[in-house]
Amino acid sequence: MPKANKISTVAVIGAGQMGTGIAEVLAKHGYEALIYDLDKNRVRASIEASAGYFRRQGETGKMPGEAAEQAILRIKGAFSLPDLASADLVVEAVSENEGIKRKVFAEVCTVLKPDAILATNTSSLSITRLAASTDRPNRFIGIHFMNPVPVMKLVELVRGIGTDQETFATAKAFAESIGKTVTVSEDFPAFIVNRVLIPMINEAIYTLYEGVGNVEAIDTGMKLGANHPMGPLELADFIGLDTCLSIMQVLHEGLADSKYRPCPLLVKYVEAGWLGRKAQRGFYDYSYVPARPTR
Ligand SMILES: CC(=O)CC(=O)SCCNC(=O)CCNC(=O)[C@H](O)C(C)(C)COP(=O)(O)OP(=O)(O)OC[C@H]1O[C@@H](n2cnc3c(N)ncnc32)[C@H](O)[C@@H]1OP(=O)(O)O
Ligand SMILES: NC(=O)C1=CN([C@@H]2O[C@H](COP(=O)(O)OP(=O)(O)OC[C@H]3O[C@@H](n4cnc5c(N)ncnc54)[C@H](OP(=O)(O)O)[C@@H]3O)[C@@H](O)[C@H]2O)C=CC1
């Protein structure tokens, strides 16, 4: 199994959709994955979902059955932060909120090996600022995976001002060892992919808000008219409307340009708890099969 220099055990903090996908890709490529979340039920649900994913991979012949079974065994639940002490690399994938991430870093640094690398999967936040809240800004880096992690080929690497060359080289070798293509972004709000993608989604929400078209017309338009695999509103629901809003806020505040103002309809949906697929409701209602547009 390919492994990046000096890394064999990887801890993933945050057992949501990204943390679960990251653990799956790690296990598939021979790494021991420890998955942690504040909510123990989330850890159990994540492990269960990953086991289901690998069983389907085995049943459909996408992975040899035995390899799929071994991958299941490589994902282990961590139910307290000291359980992460053996990690050579930590990938933080908790909610896109700077305060929450800072708190997690402060706590996890107390249990990590001094030479462990700390990475964040943040979609938008300053790597330099997050690094400054840790005891190891030189060994801190942004490793930004795309959703769904097992399918999407890209990883963006983002150095903070203090990230050292060895950390960057190890992170790059690690990302390539799990089959990802690496692009490098400078440490600016939302990096490259989300600087382009999320304002497009925000504009689609404005198009809905202003009554230019309904959900179906906007998504069909972009799928058939621009060959996007998902319409922008479907994609917003898929990413999570809370995450989309956080990214727009970081762009708006970080670049101080009114063109990044979050659409009031996006704000309202998040305030209502209509966060997209993960909440069963966003621009679509997922209690129906197939999901029905809500506007
Ligand atoms: C917010 C950020 O910080 C950055 C981001 O991630 S932005 C979001 C980036 N992601 C995108 O833009 C995704 C856009 N959507 C797509 O590419 C596609 O709709 C999709 C890949 C998600 C699904 O593709 P599809 O053709 O509609 O569906 P489907 O046929 O079911 O799936 C295609 C493959 O993906 C796999 N797949 C789909 N969802 C998956 C998931 N959650 N986990 C694992 N595999 C998944 C399927 O098993 C299938 O695999 P095979 O080809 O081996 O059979
Ligand atoms: N969604 C996407 O398409 C992408 C997201 N990202 C980034 O990945 C990160 C995670 O996103 P995503 O997986 O979608 O979000 P989710 O909401 O699916 O998952 C976040 C998880 O973190 C948990 N959590 C919150 N606070 C803590 C804490 N203090 N300690 C441990 N766990 C905690 C949450 O629990 P609870 O729900 O109980 O609060 C939840 O289980 C974000 O930074 C996001 O920007 C990056 C690329 C793509």
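Cβ atoms here come from the backbone N, Cα and C positions, even for glycine.
In TrEMBL, annotation is done automatically, which means it is predicted and not curated.
Quantities reported herein were computed from a predicted structural model and do not represent experimental measurements.
The NAD(+) site recorded in TrEMBL includes Gly14, Ala15, Gly16, Gln17, Met18, Gly19, Asp37, Glu96, Lys101, Ser123, Lys278, and the single candidate from Asn138, Asn147 that the record places there is Asn147. Mapped onto three states, the DSSP output places Met18 (NAD(+) binding site) in helix. The most densely surrounded of the recorded positions Lys101, His144, judged by C-beta neighbours within 10 angstroms, is His144. Residues near Met18 (NAD(+) binding site) in space but far in sequence (CB under 8 A, at least 6 apart, same chain), listed by position: Ala93, Asn121, Phe145, Asn147, Val149.
The two recorded residues, His144 (site 'Important for catalytic activity') and Gly14 (NAD(+) binding site), have Cα atoms 14 Å apart.
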